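*Asks:* Can you keep this structure in mind? I'll have questions shortly.
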Amino acid sequence: MPDLSGDLLRVPFFGRFCGVAIRILLKMKALELACLLLIIVPQVVLGTHDVYIVTMEGEPVVSYRGGVEGFPATAIDLDEDMDITSEAVTSYSLHLRRYHDKLLDSLLVEGTYEKLYSYHHLINGFAVHMSPLQAEFLRKAPGVKHVERDMKIQKLTTHTPQFLGLPTGVWPTGGGFDRAGEDVVIGFVDSGIYPQHPSFSAHKTDPFGPVPHYKGKCEMDPVTRRSFCNGKIVGAQHFAKAAIAAGAFNPDVDFASPLDGDGHGSHTAAIAAGNNGIPVRMHGHEFGKASGMAPRARIAVYKVLYRLFGGYVSDVVAAIDQAVQDGVDILNLSVGPNSPPTATRTTFLNPFDAALLSAVKAGVFVAQAAGNGGPFPKTLVSFSPWITTVAAGVDDRRYKNHLVLGNGKLLPGLGVSPATHENKSFSLISAADALLGSSATKYSALDCQRPELLNKRKIQGKILLCGYSFNYISGTASIKKVSETARSLGAAGFIVAVENSYPGTKFDPVPVSMPGILITDVSRTKDLIDYYNSSTIRDWAGRATTFQATAAIADGLAPTLYNSAPQVALFSSRGPDVKDFSFQDADVLKPDILAPGNLIWAAWAPNGTDEANFAGEGFAMVSGTSMAAPHIAGIAALIKQKNPKWSPSAIKSALMTTSNTLDKGSHPLRAQQYSTSEIMTLTRATPFDYGSGAVNPKAALDPGLVLDATHQDYITFLCSIPDVEHSEVSNITGSTCSSSSKVQQRPYDLNIPSITISQLRGTQTVKRTVTSVAAEAETYTIMTRMSPEIALEVSPPALTVLPGASREITATLTARSVTGTYSFGEITMKGDRGHLVRIPVVAMGFK
């Protein structure tokens, strides 16, 4: 790092710059004037401020191996635990923070900027609120490696333990559900937590003991003055400095504490680590008992998401840096950027992914939601190979209901509701025929959100027929509100009918307290309306006088179980992965794995605003890859509990190589997709939909072989990406590219449990190294399967691997024909002791 002592620290940068500029360029009057303005009124020239993330020369704590006089090395090997309270760590951390402060103080005028965070554990840098002009000056300053403007992030918004086989196949191996995940800490970078929920309560009969390796702090609730922690929750902090600096934060709405004002964070935490056997009750009905994947795991909360605006990357990086420093074992990220990063040559090089790379180096497993941009290709918001990117699946439980019309027609729909009283039929009345006065035309009365606009005398005892408007999509209308309206008007039930097609709209069943149903099929809605109109008698002015149409709503409270599960959910983002902002294909398979993410019951914050249909409730049934990622985080905690010395890449490998590509009915996995007429249909899924396949927790606990990758392997991967300058890798990761390697590396040489070649020209040979984690030697027979456009051969045809030993396999891919589309296949290694290892292979032939 450059010397910042002496006069450099005392002379403001703008004055120093202008003095030199004026002496050298006396004839450039405009520059003289600009410099004088900078000296006299810097605030005027600086203009609008933004938050920037700055990375510096010098290693962060996790990578520092000495070299700065007076500061011993802090880096440790992966199988060691870092003591963050040691004198070496605390003194070097303080040294980096002071260095950041000195740099800013020497370059920028006091009062014209605000340093928000110093990053020192995972990356060496800081977040600062300053003007674009100041950012340009900072880019040229000694010791500064990279400056990037902050960007926003977004949310990637019960029955699943049984569906995944945890109670019978996994929890018993760890001592039962009451020990599953014991002493493993999962960090949730999300919207906070509602600590009073029973899913997060401390057990009085079986209390949680201390977790010595976790050093995180607990904030106090500013209202109740109570700690957010209770033994189950071991850490709770919030990060909002960037949001405040950007003017987006409203403390009255967003809560300046770890309290969840959204619902999203409580939901994800409960999926991964919620207590076991918590009754899911709503509207007087119990929908089962909820449990996290690892019900004895501890929860550490790092709030970065807020109600109205989402969050900012610099707050997220600060949260990740703190979480790893605190000692979390697993990180769950149900958040992601709004688009691929624009400031770097590749999607893998940005402060967010660089922080996660350092987290993985520190031994932390990272699960991230793939995104909700499906079913369209290249919609992923999780890119890097050191992250486990999770796609969302539809499990075997579906809530369906139907409506029986008086003419005998049966109309299918969605409605988690009781049946009409004694399963009887009741007269129908449209909201359009129950309006109170002409003033109701000023409002959207037909979507039944405002009971004061409707005639209670007409509606009482009838089934209220409502329309589905765009307000439901925008979130200003909800099925829950229809239910409340119908109940307040004394209706026997309600129907919400979709008359117009809304492409891309996802219709979910909503639990309600009275008979109700949503008819989503436009053609069935036409049948309903035709029947209603033909059965309603009107006067000369068109006013309804007699309502003869009748209907009965069936009982929709009990789910139906299907064998055609899992399926890839329609909304789940699809591959291929992209390597840059121009969306060029990357030589990395994404997503990595499929986990349940559709209609997931879990804890909710009663003051949560994320889902209007569950406002004020203690549980919610929500869909999204946000729900899929914590399934993997929880299962990873179970693997970590059994194998505490495994690296994050070994855990990821165990999950991927043991996953399933067949559904419960032994058929190839299928993906929900749009037909040409924008109707949802099912197509055969590919690795771009599900990665390696659907997670199989029991097999992942005992994978037989793993494909491991080190931090240096990931750096070599970054250095091998075409058109990426080695200096850029160094600037953002702090690690240098090796110039001594005699073998030219390619991105697909990275030792991960998949092979992806986006441009296969002629014949390419790829090697993978497998390491035995089994207790005994095992002989594996190796087989291949590939689409005919690509020839795939593997050698050797069989190999024996001793416990702890590693062996290399070589895959040879040859493009037989050029089709302009990807070909899919796999390498299968079948062991004589029962282990089965699968490595997906993806390639596109090029001339």
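Note: Cβ is positioned from N, Cα and C throughout, glycine not excepted.
Found this in TrEMBL, in case it helps:
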type: DOMAIN; residues: 51-153; note: domain 'Inhibitor I9'
type: DOMAIN; residues: 181-668; note: domain 'Peptidase S8/S53'
type: ACT_SITE; residues: D190; note: active site, charge relay system
type: ACT_SITE; residues: H264; note: active site, charge relay system
type: ACT_SITE; residues: S626; note: active site, charge relay system
type: DOMAIN; residues: 729-842; note: domain 'C5a peptidase/Subtilisin-like protease SBT2-like Fn3-like'
*Asks:* Which whole number is the mean pLDDT over the domain 'Inhibitor I9' (51-153)?
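*Replies:* Mean per-residue confidence for the domain 'Inhibitor I9' (51-153): 89 out of 100.
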*Asks:* Sorry to bug you, but what's the C-alpha spacing from D190 (active site, charge relay system) to S626 (active site, charge relay system), rounded to the closest Å?
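*Replies:* Rounded to a whole number, the Cα-Cα distance is 10 Å.
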*Asks:* Between D190 (active site, charge relay system) and H264 (active site, charge relay system), find the distance joining the two CA atoms and give it rounded to the nearest Å.
*Replies:* 7
*Asks:* Determine how many residues of the domain 'Inhibitor I9' (51-153) DSSP places in helix, in strand and in coil.
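*Replies:* So the counts come to 29 helix, 26 strand, 48 coil.
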*Asks:* Ranking the active-site residues D190, H264, S626 by other Cβ atoms within 10 Å, which is at the bottom?
*Replies:* D190
